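Trainee: Pulled these from Swiss-Prot:
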- Asp12: active site, proton acceptor (ACT_SITE)
- Asp133: active site, proton donor (ACT_SITE)
Amino acid sequence: MNLKEFIIPAIDLMEGKAVRLYKGDFNKVKVYSERPWELAKNFSDLGFKRLHVVDLEGAEGGKPKNLEVIRKIRENFEGEVEVGGGIRSYEVAKALFDEGIDFVVIGTLAYKNKEEFLKILENFPNRVILAIDSKQGKVAIGGWKEETAVSPEEFAKEYENYPIWGYLYTVIERDGSLEGVDVEPYKEIKKHVKKPVIASGGVSSLEDIKKLYGIVEGVVVGKAIYEGRITLEDLQNF
């Protein structure tokens with residue numbers, strides 16, 4: 001596997017712009033682009049195979065707010081596109097698939113309304129990624145604002161035998177922080193599941209990516225690319 005397949009660049013959307021939050025805090029926002037679809041085109045031209053898109057306002061408010069921009073991103077990226085944030089119903093998931101999105105990333109709905117979540121899995125098998133967002137060792141939902149008593153391992157195992165594609169596992173305390181990756185949570189969850197796991201949160205350097213390589217099947221990288229911590233030269237020389 002080459003790094004362009006392992007790394008999944010992230011575009012987080014707010015008010016139609018590409019932004020990054022610091023540790024999931026909606027008050028700590030940095031804008032990186034007013035035209036996110038141009039970022040998507042750049043990532044496509046560079047040969048990345050998958051793009052991770054998050055509708056932050058959707059995650060916070062419960063339904064996607066940046067559909068027009070997501071549509072443009074889809075048009076400008078040749079590989080696979082996965083979208084998360086505010087997918088709390090079958091209708092919203094279907095609307096995204098109808099736009100040509102390859103995978104949807106869902107966490108809150110899987111926790112709060114299993115019946116509705118299973119309806120999506122039934123109609124779109126192997127196209128749903130279960131979002132496991134971990135805060136101090138417990139799953140957080142609702143745009144990371146609501147904490148549960150469930151461990152990431154318990155949440156993952158609940159759906160391991162259903163037709164999900166795999167898992168997106170985010171360590172919230174590190175997300176957008178450039179503090180580096182803790183590989184232990186990923187090693188732990190891999191003991192419990194066989195489906196692919198994508199890591200997310202805290203990647204700050206090529207070293208972090210090397211640490212994760214061989215443990216998980218992919219890694220979402222956002223801020224480290226936008227802040228120049230990981231350069232294209234790094235990727236080509238890996």
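In case you wondered, yes, glycine gets a Cβ from its N, Cα and C as well.
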Trainee: Within 10 Å of each Cβ, count the other Cβ atoms and name the one among the active-site residues Asp12, Asp133 with the highest count.
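Mentor: The residue with the most neighbouring Cβ atoms within 10 Å is Asp133.
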Trainee: Secondary structure at the residue listed as 'active site, proton donor' (DSSP, helix/strand/coil)?
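Mentor: The residue listed as 'active site, proton donor' sits in a strand per DSSP.
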Trainee: Between Asp12 (active site, proton acceptor) and Asp133 (active site, proton donor), how far is it from one CA atom to the other, in Å?
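Mentor: Answer for this pair: 16 Å between alpha carbons.
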